[in-house]
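Colleague: Look at TrEMBL and you will find 20-45, 87-107, 113-137, 188-215, 227-247, 254-274, 294-316 tagged as transmembrane segment.
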Amino acid sequence: MNRNIDLQRPLMDDTTALSYWLNWRFFLCGSWVVIVIITAGILILKYEVFNTKRRHQQDDETEPIGILYEDETWKTSLRVIHPAWLLAYRLIAFGVLLALIISNLVIGGARVLFFYTQWTFVLVTFYFGLASSLSIYGCCQYWNEVVDDNMNDVGLEDSLIQVSVEPQHMSMKLSNHGDISTRKTAGIWAYSCQIVFQICGGAVGLTDGVFWFIIYPFLAPATYKLTFLNVSLHSINVVLLLIDVILNRLRFPFFRLAYFGLWTCSFVVFQWIFHACVSMRWPYPFLDLSSSYAPIWYFGLGLIHIPVFGIFALIVKWKQLLLSRFS
C-alpha cells in the first residue's frame, strides 16, 4: 500500500546532512520521544509484575494490576466453549496472516518491511503464532485435568457419604480457598503473549485508523488505487484480533499502553537512524523532519495512541461486563 504511495511522492531533502538534524524541529520531536520512553519506563517499573514474590498475594492484599494466571492464555471466555475451538481459530488466523505477509513480500519485496503497517502486521502474526503454542499446551493441560477429575469422581462420591452436612460444607470451603490461593501464575511466555496482545490492540487501531482516515483520503495521490492486498493489510488484522478478544480470557490492564508507546518509539528511532545513514524518502510524509509542522505531527500522533488503545481496552471491558451479567 504505502510502497505505491511512496514512489509517487516528490523527493525530500538530503536526510544525511547535519543541517537536517541539527535544528529545533528534530530536538523538539526528539523531546517527545524521550518523554514517552521515560514515562513508559516509569509505568512498567511501577505496575509490571516482574517476580514471583509480587505475583503471589495473600487473601487480604489487593491483586496486582498486571497479574496474569497461566490458564488465562488458553482458556475461553465462556466455559461452554472448549479451549480447542480457540486453538483452532488461532491456528487459522496465524495461517491467514502468514499467507498475506508472504504474498506482500513476493509482490513488494523486503522493502515493504520499512513501513509501520508491516511491523504491526508481523507482530499480530507473531501473536497468533505464540498464542497458538500456548493454546496447544493449554489443551494438553485441560485434557489431563478432565482425566484426573474423572478418576477422582468415584473416590470422592464414597468419601462424601461418610461425612455429615456441616463438616462437608466446611471441607468444600477450604477446598475452594485452596484452589484460589494455589492458582498458578503465568510464566515469561504467557506474560509475553499478553504484552504482545495489548501492543497489537493499539497498533492495529493506529495503523488502520491512520491509513483510512488520514493517508488514503488526504495524502494518497489521485491516481492511487486500492487493491485486495492493500485492503486486507489494513482491515483483516483488526478483524481477526477482535474475534480473538471475544473468544479469549486475557486481561487488558491500561498501564501497558507503555509498551505500545515503546513499540512506536522503536519504529521512529529506527527510521531516524536509517535516514541519518541513507538519504531516501520517508515511509510516511508526516515523519519528514524538514517540515515546520513536524513537531505538531509527532505530538498529535503520540496523543492518538491514548484513544486507540483506550477503545480496545473498552471493548475488552465491555466483553467482561457482558459475560459477568449473562454467565
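Quick reminder: no glycine exception, Cβ is built from N, Cα and C everywhere.
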Colleague: Are the transmembrane segment (254-274) and the transmembrane segment (87-107) close enough to be called in contact, which here means at least 3 C-beta pairs under 8 A that are separated by 6 or more residues?
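Modeller: Counting Cβ pairs under 8 Å (6 or more apart in sequence), the transmembrane segment (254-274) does not reach the transmembrane segment (87-107), since there are fewer than 3.
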Colleague: Is it the case that the transmembrane segment (294-316) and the transmembrane segment (87-107) touch, counting contact as three or more CB pairs under 8 Å in which the residues of each pair are 6 or more positions apart?
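Modeller: Contact absent: fewer than 3 Cβ pairs fall under 8 Å.
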Colleague: Would you mind listing the long-range same-chain contacts of the transmembrane segment (20-45), meaning Cβ under 8 Å and 6+ residues beyond its ends?
Modeller: 13-14, 255, 257-259, 261-262, 264-265, 268-269, 276, 289-292, 294-295, 298-299, 302
Colleague: Cβ under 8 Å, sequence separation of at least 6 from the ends of the transmembrane segment (113-137): give me the contacting residues as numbers and ranges.
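Modeller: That would be 1-3, 73-74, 83, 86-87, 90-91, 93-94, 97-98, 100-101, 104-105, 189-190, 192-193, 196-197, 199-200, 203-204, 206-207, 211, 233-234, 237, 240-241, 244, 248, 263-264, 267, 283-284.
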